[in-house]
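Per Swiss-Prot, the features are:
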TOPO_DOM  1-22  topological domain 'Cytoplasmic'
REGION    1-22  region 'Disordered'
COMPBIAS  10-22  compositional bias 'Pro residues'
TRANSMEM  23-43  transmembrane segment
TOPO_DOM  44-250  topological domain 'Extracellular'
CARBOHYD  ASN186  N-linked glycosylation site
TRANSMEM  251-271  transmembrane segment
TOPO_DOM  272-377  topological domain 'Cytoplasmic'
ZN_FING   325-366  zinc finger
Amino acid sequence: MGPAARPALRSPPPPPPPPPSPLLLLLPLLPLWLGLAGPGAAADGSEPAAGAGRGGARAVRVDVRLPRQDALVLEGVRIGSEADPAPLLGGRLLLMDIVDAEQEAPVEGWIAVAYVGKEQAAQFHQENKGSGPQAYPKALVQQMRRALFLGASALLLLILNHNVVRELDISQLLLRPVIVLHYSSNVTKLLDALLQRTQATAEITSGESLSANIEWKLTLWTTCGLSKDGYGGWQDLVCLGGSRAQEQKPLQQLWNAILLVAMLLCTGLVVQAQRQASRQSQRELGGQVDLFKRRVVRRLASLKTRRCRLSRAAQGLPDPGAETCAVCLDYFCNKQWLRVLPCKHEFHRDCVDPWLMLQQTCPLCKFNVLGNRYSDD
């Protein structure tokens with residue numbers, strides 16, 4: 001009664017695989033932990049919506065003509081609704097400081113020019129010392145409102161220090177085009193000419209930026225708060241600031257590279273830890289299997305064996321009632337080695353030893369040769 005198929009070795013069950021490391025679950029949160037936006041992100045966590053709502057911006061070109069001088073070409077952005085047409089604007093340029101000093105209404109068809117230099121920046125810091133992030137350069141805003149009151153067809157802003165003046169409250173000022181000029185040497189030349197009261201005229205047209213190295217970003221921050229001096233209309237806060245995109249681009253690339261390397265290192269460490277844990281568990285399991293096999297071999301070596309001794313009469317044709325090996329179903333022959341189990345059943349030694357290495361039980365009565373008990377299987 002040999003088995004149809006030998007089952008696998010009865011060894012201790014393998015330990016369950018180690019659970020996934022918590023670091024693997026935290027890897028998707030690594031960019032958030034390190035700062036997904038990288039350098040230049042908003043301090044309050046709010047996300048800017050560039051060119052949103054009524055604070056849209058488009059690139060403009062300003063051609064300035066001065067007497068007995070070469071024409072100046074300036075670049076900037078126009079603040080206004082994206083749906084509004086961009087008609088050709090032109091007229092005489094007048095500096096608001098001079099207009100305020102003369103206390104006279106300029107002629108029709110003129111363009112107001114307001115600027116913020118070092119003196120205005122120092123005054124702005126002095127006036128807004130200790131104030132919150134919603135403090136605005138009030139003098140500049142008052143100049144802009146006075147220009148609209150006097151009938152200026154457009155507002156031209158010369159902000160020489162973009163790092164100082166970032167936020168302008170221009171509530172109710174979008175009835176006229178507001179143009180912020182990029183800083184360049186031509187802006188300085190224009191400002192010097194206007195301070196000398198040189199008569200200058202300008203034409204403002206929409207167009208693409210002429211310089212690839214200068215970028216301006218108009219950002220609409222809805223979290224900056226409402227205007228303190230608004231007239232009850234649209235009172236969101238337009239934050240004007242040079243984005244310096246080309247300057248921040250290498251820094252952003254460096255930040256992305258550092259973030260990528262950090263994620264790769266963390267992933268490599270997690271994978272290495274998982275492999276070490278897997279190898280350790282395999283070594284432990286292999287050691288347990290080897291120990292179990294050595295125990296079975298020692299037990300088999302301690303079992304009794306004997307040589308089969310048959311009478312001369314039995315050495316001829318086998319008797320139908322003669323004993324057989326329950327493993328190979330063959331008769332016991334003279335001088336064969338037999339294995340005698342503790343349950344007194346005998347088998348061919350070469351047949352039953354491989355069975356005992358796999359099952360450790362008697363093929364007939366299921367007696368466990370290791371534990372000296374009968375198996376319930």
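Cβ from N, Cα, C; glycine included.
Here the zinc finger (325-366) is broken down by DSSP into helix, strand and coil counts: 11 helix, 9 strand, 22 coil. Summed and averaged per residue, pLDDT over the topological domain 'Cytoplasmic' (1-22) gives 49.
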